There are 2 protein chains.
Amino acid sequence: MTPAAAPATDPLAPRLRWFGWGPPTPPGAPEMDLPPEADPLLHELGAADVHQHPVALEDVRLAPSTLDTAPFAAVVGEDAVRTDRLTRVAHAAGRSYLDLVRLRAGDASGAPDAVVHPGSPEQVAELLALCDRLDVAVVPFGGGTSVVGGVNPQRGGHRAAVTLDLGRLDRLVSVDRVSLTATAQAGMTGPALESALAEHGLTLGHHPQSFEFSTVGGWAATRSAGQASTGYGAIAELVAGLRCATPAGEIVCRPLPATAAGPDLRQLVIGSEGALGVITEVTLRVRPAPAVRRYEAWTFPSFAAGAEALRTLAQAAAAPDVARLSDEEEVRMNRLVAAHAAAAPEGQVAAIFGWEGDAEDVERRAARSARVARAHGGRTDPGDGGEQWRAGRYAAPYLRDVLLNRGVLAETLETAGEWSRLGELRTAVTGALQATLGARGTPPLVLCHISHLYADGASLYFTVLAAQQLGAEAEQWHAAKAAATEAMLAHGGTVSHHHAVGRDHAPWLADEIGAAGLDALRAAKGRLDPHGIMNPGVLGL
Amino acid sequence: MTPAAAPATDPLAPRLRWFGWGPPTPPGAPEMDLPPEADPLLHELGAADVHQHPVALEDVRLAPSTLDTAPFAAVVGEDAVRTDRLTRVAHAAGRSYLDLVRLRAGDASGAPDAVVHPGSPEQVAELLALCDRLDVAVVPFGGGTSVVGGVNPQRGGHRAAVTLDLGRLDRLVSVDRVSLTATAQAGMTGPALESALAEHGLTLGHHPQSFEFSTVGGWAATRSAGQASTGYGAIAELVAGLRCATPAGEIVCRPLPATAAGPDLRQLVIGSEGALGVITEVTLRVRPAPAVRRYEAWTFPSFAAGAEALRTLAQAAAAPDVARLSDEEEVRMNRLVAAHAAAAPEGQVAAIFGWEGDAEDVERRAARSARVARAHGGRTDPGDGGEQWRAGRYAAPYLRDVLLNRGVLAETLETAGEWSRLGELRTAVTGALQATLGARGTPPLVLCHISHLYADGASLYFTVLAAQQLGAEAEQWHAAKAAATEAMLAHGGTVSHHHAVGRDHAPWLADEIGAAGLDALRAAKGRLDPHGIMNPGVLGL
């Protein structure tokens, strides 16, 4: 029924290589390596001597699929139901550090029994009804870029699991130039969406680091925030309407600028991570494509001074559209590997500011931002650091694959908190990571930046680098992750600013939203998904 | 147990007079009358000869209270449980047109069996547990200004109903000047909140027409929008965190600038109208109190031209904080009664623009707005119409009492829709009201204005004036309301932009959010309020 290996021209072929980031590479293609400038980093981490590589696809451990695919083929067509090794392995996990560790070691034991590619919202609804009848768990799959276990199939007691890959739902359904809204099918990737909008002179401006692969539906399902969310808004603000297929019927939130008709159902579906249903269409608030994009590098005398500048900018409604501030350790790391723009002179920290719009608008807003930033000791960096940052804004996950080859644990975590507790929050999370990994004999580098501003607070994004405990990678990272997450909760933070909950954060959701809140979500799920087939384990529901 | 009549100094005395708007008036105090300038209006409506007045309080029909109040007094103290006639009648209904018609006619048949005044969030929780055990329905009550039946007690099959008047929860709990947030108890009224914030140099900037009486908790529970929401944001954007007591336990949403930890529970509680629980505390995003408030009257050559100007302003992020545009009929009416600032020369429509902030900020933003407005034919009106509007911004509900004395049906409705359908939406709603009331021999005046701007659309606020069908007021208005609401739904509108659902819009909630959406809300309610005691009938849950 399925081809033994999907040819490159197969429109249903996996879009990410099965063991890491980026598009599939031909077998045997040379792997990028770390630049020699990174040697001091490897030495500092104590990970200089490792050279390891993923197992071959044929050696990946994969349970046989026992699912009868005929009923699925009857809905979507034979070619749109895949059970071949590559497809199943490529849908076995998301792209967290431990996902990659497991995949590279040849563990795809959680792979779905089949991957089904619906071609329309109606087919999605039919498939949910079918799975409900056949007692099959359903994992909605957009770009597969989850870093919190959001697409890792769990059977949840059901007899099989299928992944619904929404890649065929790749159409811009309609554009309303007057209202500045556009309706997109859920499977459109960032580049597909932006290029379709560009034909109308429009943009969404939503650029998460996963932009190249992640999808409209995935953004909404995970409550995503793009790198320019300070200016363009996070996805929760950009969604005017949506359609979500559930086993109990479709939820349709008509596009509306605002409504007081009860609780906001949009905000129940946004962030529901496939646990209630499958988002099939999203009406997005778009904007005229900017004529000018201006990105600058800035320096500040300290992280505290820079943070105070960002707070003032956000509270004065004078913030750039992109505003990122690296802490001392992130700046030191950038300086060390010299691969990143956000470096800064010794004793200074670095920031990236970006403004997008028409020329006059950018000029005016940049001047306002600059006035505030200078009052807090900010200085523009004369180089082209801003443009360098923009050019490399999606690069980090590629680098992680290479670090894994060299035995380096490389993972990120993020939180958000009120300005009054942000310093405390950063110290606590950094300290928890250092203490936990230090106690295991793998003292880490913990880098941090602020990258999303609000009047009342900001996000904190942490990058952790340490020598892998080979053979005990999971225990090592689980200990660090638990300590960091508990530090977030104890110091006014949330367990996630934009990575979502997935399965990895689910144990902490009750601490985050309380027992009554979790109960309310469970009840809603119980009604919309009475047999619990939707993405079992996600959100802990 | 309760005083026969609450003296004026009683802190638990009703804050609105029992039959209408405004603070209680001494018995026999002269009632304001319509100015003689309104005579042509009364003639046009065919309502010139009516002079009617509310019945006396003693003559109001009120079922005896059969509730044993002792268990309630054990929680809150004897003085905080009221069963006297005035208190029960004053809590029998909100302030919709038909509420007033019924109350003035002496019908308080729906009055609660008792009004209980909790003094703390903990007492609220205890009272919910008590009511759950005793099978007593609970109606949360803030200012009592609902115009959609949100506080009109329904027993819903339970043996009695008590109203929880939250007026004693009137404390500003804390202020975070760094994060610009403030935590307020739910019963704080607009003036109480703003005066407490002013001591810290802060403002919320949330000014619904009910501002003088409505409360923080009521705003959140009804998904309210203030007159300056274009600049300050609607309440759904201003809430950073909240506490909500439910029969199944407390929902606590910690104040956070943003989170991706699953569906947004804040947005499930906001707009829940007491059907899930009682909001007891809200953490609000506040701002420095503006040094300058600048309000101007503008004219535009037509409503369509003005609407196009507002759309351009909103989409260019150049909108004033307050932006209101009256249609031709509203302008004609304003001209007729000469009681309102937003008049305009013959053949023009009128707008009010307001900016608030520091002097430089107001200057800069007003100049930007003016440039856009002028490009669409807008002209500043040299008079002090802007300030007149601001001075009279809470006046309309007082006028309604006087119109009722003269036999005039006076009610408002509001909706919101995308810009591309806003013209069609206004025509449809206006037409539905004219056709329905015209067919009953009471052709109405239907006035409309835009008063809340978004990039993708705006609100439409309708005022309906017609001769009352004396003795058939309910049938008359129900027919008009149904026709208008169906027109909203058929032409891309929502059943409410900021008045909420209450009991009056509940029949249309399934059309608004769909069967699956309504089911999800019902399930959440079933879990948080398993015996259905919370505000039965509201939202149709």
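We count from 1, first residue shown onward.
Each Cβ is built from the backbone N, Cα and C atoms, and glycine gets one as well.
Please treat TrEMBL annotations as automatic predictions, because they have not gone through curation.
Averaged over the domain 'FAD-binding PCMH-type' (A:108-289), the predicted model reaches a pLDDT of 98. Feature annotation from TrEMBL assigns domain 'FAD-binding PCMH-type' to A:108-289.
DSSP gives A:G144 (FAD binding site) a coil state; it is part of no helix or strand. What TrEMBL lists as FAD binding site is A:P140, A:F141, A:G142, A:G143, A:G144, A:T145, A:S146, A:E273, A:G274, A:A275, A:L276, A:G277, A:V278, A:I279.
Sequence-distant contacts of A:R400 (substrate binding site), defined as residues of its own chain at least six apart whose C-beta falls under 8 angstroms from its C-beta, comprise A:G20, A:W21, A:Y97, A:L100, A:A410. As annotated by TrEMBL, substrate binding site applies to A:R400.
The active site, proton donor/acceptor annotation in TrEMBL covers A:Y461. In this structure, A:Y461 (active site, proton donor/acceptor) is part of a beta strand by DSSP.
Residue annotation for FAD gives A:P140, A:F141, A:G142, A:G143, A:G144, A:T145, A:S146, A:E273, A:G274, A:A275, A:L276, A:G277, A:V278, A:I279. The furthest Cα pair among them is separated by 20 Å. Listed binding-site residues: A:P140, A:G144, A:V278, A:R400. Those with a CB under 8 Å from a CB in chain B: none.
Cα of A:P140 (FAD binding site) to Cα of A:Y461 (active site, proton donor/acceptor): a distance of 26 Å.
Sequence-distant neighbours of A:G274 (FAD binding site) (same chain, six or more apart, CB under 8 Å from its CB) are A:V138, A:V139, A:P140, A:G150, A:A221, A:M534, A:N535, A:V538, listed in sequence order.
Within 10 Å of the C-beta of A:Y461 (active site, proton donor/acceptor) we count 23 further C-beta atoms, all protein chains included. Around A:S146 (FAD binding site), the same-chain residues six or more apart in sequence whose CB sits under 8 Å from its CB are A:G94, A:R95, A:S96, A:N152, A:G218, A:T222, A:H499, A:A500, A:G502, listed in sequence order.
The 10 Å shell around the Cβ of A:P140 (FAD binding site) contains 29 further Cβ atoms across the protein chains shown.
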